[in-house]
């Protein structure tokens, strides 16, 4: 039976161990028995079972009996808690635990266990365990530490060991306490109770070490965390402590932990804040105060006290938005004056605000709502503080009599928002149908918000929930879906453009005669201005529909006043101007009306100018703000709407002048181009057309008769006008590229652009590093000690400061496998802290220099001076020679003594004298140097090894050989004789004592010098290519370059700005699993195989790092759990994974630890030598605590709780990251079922890894409901932002990376918050990005270059001089307090805020923030690398920009910015997409105009009089359009960036290479993607987050997949353009013949080819025959597969076709689609009159006949497509009928061709005419789907849709199939796609061909 139990036990343990490994991922470390790791959550939350089982595992080997006792107690606790095993996993756990206990109960000898002695055995073990681990001594040390307040010397290893000991002791105590109840009260029970009493009364150590805390252990002081030692932390804790002046808490109130009561306890009691919210915000305030105190830089302050200045700073910054809110509403703040309230009252108010914010959940998106709540609660607090005893707040009282802030304040608001979200219909409802976050928040921008009263009235309008279809009114803006928002938001730009176009056109028509008549005509700009302003006012009135019920009366009054003003003004101006024109034609007129008109316009212009100056000009803005006169305020209010946000959007005068000058240059260039190349050349042709006599149109004309050929003129001017609208963006792009390049050069970017330049300038790095990146605390030590020393000593001091950082950077490169061990040795720099008298440089600078110097010396026939001059020509050779000389002297002196040392001293004395006398060449025989070096390297080769007896003898012999060579070969004859006759030396030599014993190197400095000297003398290869890895080179080059860029001075870590890194995560890859590494795609390629081929050098370095040979396979690595885990990380660090991001961000902590360690050592706190420093800083508790005080990292893993419950691998991997990085924190949403109705409670939780590597819950804050009311990512950020700390927060996406060398510069960047960047301090610091995914495929390279140019040069110009940089989802650093008090770091309203990141920039700007950009620091970022990924990403961004057009943020910025800054904003946000769309629309406008001319016959008629086809204006317009289309202007900033950072030649080469790789095709295709999604979003909505995937994309994409993705966005549009081109060629007229057609249409043909075939050109193996065949089969299967319920679009054409129609939802959308579809009827109408059959007949009846033919053809298709399903006889009859009809049709067509004018070309023409008509009918049927279904025609429509898609697919597929016949096409395509990889000698061909051949035999 025992054997059975034993086997069962092993089985259970193995199962549980696997379960634990899966949960923890810590397979490379020693693991416990598996019991602790398998405790179900339902048991673990309520008890300490897990801790008890962990203790049992720890002591299993020491005492199995005690382990058995602990297991039994754990089982008892589980049984008591869940006796029926109802919880998830409880039964499995209890069964396994019982089996283990039963096995323990069976003694090996068969004897039973005496249970009565369990308590005694446990007590004895407890006492022994305490003595063994010196627990009492530790407690005494702790007491001394607490009393003294000083630090301690424990390292990290000891700390972790102590924590485990405390955890085990705590478990033992808990079990002892339970068992003592049944123990002998006079025996062991008494001893246990005494021990327990002593622990509870006086011993805080156990609970302190195991109490969960985040950063600061506030609940109980910890002796393993040094953060509590810092005086600023102790002062902050002291500042919030309870005093006798506060109301007393009731005696029943429990104080959590072992601490004194404080302000937060009182606030929690009064208002009912949650316990963990109180704990969280307590720590938040303590850290905020302590960091504010440390930044005051008060010297020598060790007194734990917070300065009043620090308190005021925190108070004013936290409550700044509240103060502004009160001022805006003209309301008193809750305190009278700042000086009138004491420190405690300030801290109470800050604490209250933090507590409200911390529990507000989704209400955090409503910053002014929080101000409202705070305002009233602060008043309540004032009243409560006057009481002697603490009492509950009335506003938070529940029905049960308790208090709950969440239930009474937050829940009602949340429930109202949640009800509105339901109306949103998952993003499908119109924005006007529901209130979003902004609507709720803006309710508090008016005094009407006080109607809510306090406590809030549930019947108030604000809290009213929507009922049925009745809408609740919007606040002050309605996001109606229309393009008219573009005009409304930027009406000043459109008015300006229209008036300038009008003015230039008038001047051109008047032949540039600026006389009085011309001036009168130019005054027509007045009516234009008035009418366009009236249109804007009219749009204001119309687009506010839906908000009138909630909008304040003043805003509505303003709308009405402006509407009436501009309405009446427009009528008046137009009337007067018409009378002026009439007056002009009257002879002898007194021109009264003309003078009146001039007077009116002049007065209005003067008033507008004055108001513009007062509102926009910085110099006048102060005057504008001070004027409170009602008359002035009225006109200012009429001129500009007054919002809570958007006030004071002005810059200082110098910045204003800069961006005005920028735009004046752009506008001058634009209008010069427009006048001379667009407008002026069109004047003569236009006049000619107007004066043309009537002619016969070639079709039935309906519009153009008797209107001076208006449509002809429109066709001529339309493409020019389209380009006129968008070409301003071209000039902006060019000038911004030039300005950005100049600014980059001025900032010294690109100075160091190659590894050769790194080598040459390395000597200057230490000084530059010390000047910028070393704080004064570190610099003070060497400068004070060596102030009088020369430059050499100063350089050595700089090198000593630089070396620890440089070596740590090199070490990180080695850890990341970018360099090998040899390269690390060569790149590392000596510590430069030894006694050597010169600077020691890295070996990669000195390699082979000694050997070259020896060759020079051996060949030297000149003097010593000439030889030294030759050596000094290479400064590093001179360094190498000097270092070698001094090192040899020092090493020899350390090795020998007695006579040997005298010989060494004599030799070096003689050499030194010879050098001074210039007679070295005489003293030494330089030709023998090579021999001397060989003897010495033989000696050092022995000394670098560990000492043994044999080696000692060998070293002595080698030393004697060296002596012989030096004495008898190297020295001159005279000196040799002197030494040979030197008695002391001769006697020692003759007696055999000379060098008989060698002192082996033991001093670390000597050991380092011996190793270095050996390498210096033996490495023969030049290190010019070190490091070899391109990424390592790039990083070192940028870091070296950044040292010489301007940046703020680094402050000490203790005084730096604290910051937090914040990463949202959903369900992306965390770490690649072993199975994912080995799983192969359809080509037989695994991820591991792919990476091994792409990064061969890094793979070799990885194998070297883990101690494996190059031939090691992945199967071998799987045999070792440690190596297998390292392999998973190696792969994950090369993808876009969470593991890569976390590793990169944790470099911040490593950098801070290093910097803090050096500074504290400099302060004398920690006296550690520099030689041991690099390893010492990671083990220093003080350095770790200082880093934790300044840096936190929170990853918001929204569904981590669900992933853990479902045991998904992502949860395991996240847990593994928590174990690897102790400072990492993970926040997530946890949900629990409550009740029987499926109701859930939601919690926001924060966890870290405990001492056993398991999740330890730190905070758990209940939420009012499901937090996801809006967009997922911002909601994910919002729930977790309460756990962030510091004054700054860096937003990092999950596809980003960081580097240690950049992390070192972070504290410099944070100092920018205190820098001068305009009239306002920065609120967002922009950071440069490096796109790390551009190294393999050409697409990835294009995307990388495009993105890089935007995130560097583009944002450089946006930030300065344009002052319109926003936040684009990049690694920007936010002023955390500024943003958390103003709505957060993103906006979350559903759909409208789909591009949530940029709204943070909008919000910051509107709330008087300042956004800057800095390029001396960079962060890595991954981008999409496949065409489909790129298209999805660009579709997401374009859709987001479409939503931005509708948003209130864009409207307000467009209205409130001054004119020039508004233009900057427009062209860098939505204007970019408008211009992109106009580029495509220009093609349509031009071609439809040409087709109109061709159909109508106007082109042929006009060409008889004027040659229009080749006119200058049209050429200029089309050339500009083509250059934009192919991405030339996109490439201008890119090329400028190349020139700046790579050099001119490399820039030219890169640009030419990109063209050869068809980048123009890619950019043209991207143009279509952006246009489609931007336009569709504004028309119909449908913007959504599109998951692009972040994997490694080199696999082939099926034809059907590409067709589904691009059919409607590209293929249909391309075929429409192709059809237009064919018709233009067929029926158009051009004097230049074919050449003229080609020149005019080349850009359009290029667009067609790019849009149709780019997905296949850029598709790996797109032209491989076998894959082409497989793609065709797959496409046909998809096309013919029937759809149905639940069938996805990837499987069936029918399902996909239905999905493609989902965007048409509203009546407005259907009407717009109907209007757009009407254009296709033009083709049939025009072609009918061009047939040979119809001749010159233009009767409308012909068009009617064509419809009869079309209907006949449709019926024929229906006949041939029909297939009966039941009767075979009917089928036979049908087939017969189809045959007869076919023969009849053929016969009729033949007769018609023979007997009538019908021709074969007519047949093709009819085909061209009917195809678009059919598409129009199909589009209309889809648009009015419901009506078609009612008529029963939907099945027919669907079949015709299938025919069209089949035809389009075949049209596209045919060329691909043809090209696939030729093998060289596929080879050429691979070279095209993967040129970057081929240029690096990579094996893409193996990857594309697949790995099947390697595995199949």
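Yeah, the Cβs are placed from backbone N, Cα and C, and that goes for glycine too.
In terms of DSSP secondary structure, the domain '1,3-beta-glucan synthase component FKS1-like' (344-457) contains 80 helix, 3 strand, 31 coil. Sequence annotations record features per position, and here TrEMBL assigns domain '1,3-beta-glucan synthase component FKS1-like' to 344-457.
Counting residues 6+ beyond its ends, the transmembrane segment (490-509) has Cβ neighbours under 8 Å at 518, 521-522, 524-525, 528-529, 532-533, 535-536, 671, 674-675, 679-680, 683, 721, 724-725, 728, 1454, 1459, 1462-1463, 1466, 1471 in the same chain. As annotated by TrEMBL, transmembrane segment applies to 490-509 (among others).
Residues annotated as transmembrane segment in TrEMBL: 529-548 (among others). Listed by sequence, the residues of this chain that lie at least six past the ends of the transmembrane segment (529-548) yet keep a Cβ under 8 A from its Cβ atoms are 432, 471, 473-478, 480, 482, 484-485, 487-488, 491, 494-495, 498-499, 556, 559-560, 562-563, 565-567, 569-570, 573-574.
Residues or ranges marked as transmembrane segment by TrEMBL: 560-580 (among others).
Taken from TrEMBL, the feature transmembrane segment applies to 592-615 (among others).
Marked as transmembrane segment by TrEMBL: 656-677 (among others).
Residues or ranges marked as transmembrane segment by TrEMBL: 721-745 (among others).
What TrEMBL records for 1465-1487 (among others) is transmembrane segment.
Annotation comment: TrEMBL describes 1611-1630 (among others) as transmembrane segment. Through the fold, the transmembrane segment (1611-1630) approaches residues 1480, 1483-1484, 1487-1488, 1490-1491, 1493-1495, 1499-1500, 1503, 1509, 1568, 1572, 1603, 1636-1637, 1640-1641, 1644-1645, 1647-1648, 1651-1652, 1723, 1726-1727, 1730, 1805, 1808, 1811-1812, 1848, 1851-1852 of its own chain, all at least 6 residues removed from its boundaries and within a Cβ separation under 8 Å.
The transmembrane segment feature in TrEMBL is assigned to 1740-1760 (among others). Packing against the transmembrane segment (1740-1760) from elsewhere in the chain are residues 700, 1724-1725, 1728-1729, 1734, 1777-1778, 1781, 1785, 1806, 1809-1810, 1813-1814, 1836, 1840, 1843: each is 6 or more residues past its ends and has a CB under 8 Å from a CB in it.
Taken from TrEMBL, the feature transmembrane segment applies to 1772-1794 (among others).
Beyond its flanks by at least six residues, the transmembrane segment (1800-1822) meets 1616, 1619, 1622-1623, 1626, 1701, 1704, 1713-1714, 1717-1724, 1726-1728, 1730-1733, 1746, 1749-1750, 1753-1754, 1789, 1793, 1828, 1833-1834, 1837, 1840-1841, 1844 of its own chain at Cβ-Cβ distances under 8 Å. Sequence annotations record features per position, and here TrEMBL assigns transmembrane segment to 1800-1822 (among others).
Through the fold, the transmembrane segment (1843-1864) approaches residues 1599, 1603, 1607, 1611-1612, 1615, 1652-1653, 1656, 1662-1665, 1668, 1672, 1675, 1679, 1693, 1697, 1757, 1761, 1814-1815, 1818 of its own chain, all at least 6 residues removed from its boundaries and within a Cβ separation under 8 Å. Sequence annotations record features per position, and here TrEMBL assigns transmembrane segment to 1843-1864 (among others).
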Across the domain '1,3-beta-glucan synthase component FKS1-like' (344-457) the predicted model averages a pLDDT of 91
Spatial neighbours of the transmembrane segment (1465-1487) not adjacent in sequence (6+ beyond its ends, CB under 8 Å) are 486, 490, 493, 718-719, 722-723, 725-726, 728-729, 732, 1354, 1358, 1362, 1364, 1366, 1398, 1438, 1441-1442, 1444-1445, 1450, 1453-1454, 1457, 1514, 1517-1518, 1521, 1524-1525, 1567-1568, 1570-1571, 1574-1575, 1613, 1617, 1620-1621, 1624, 1641, 1643-1644, 1647
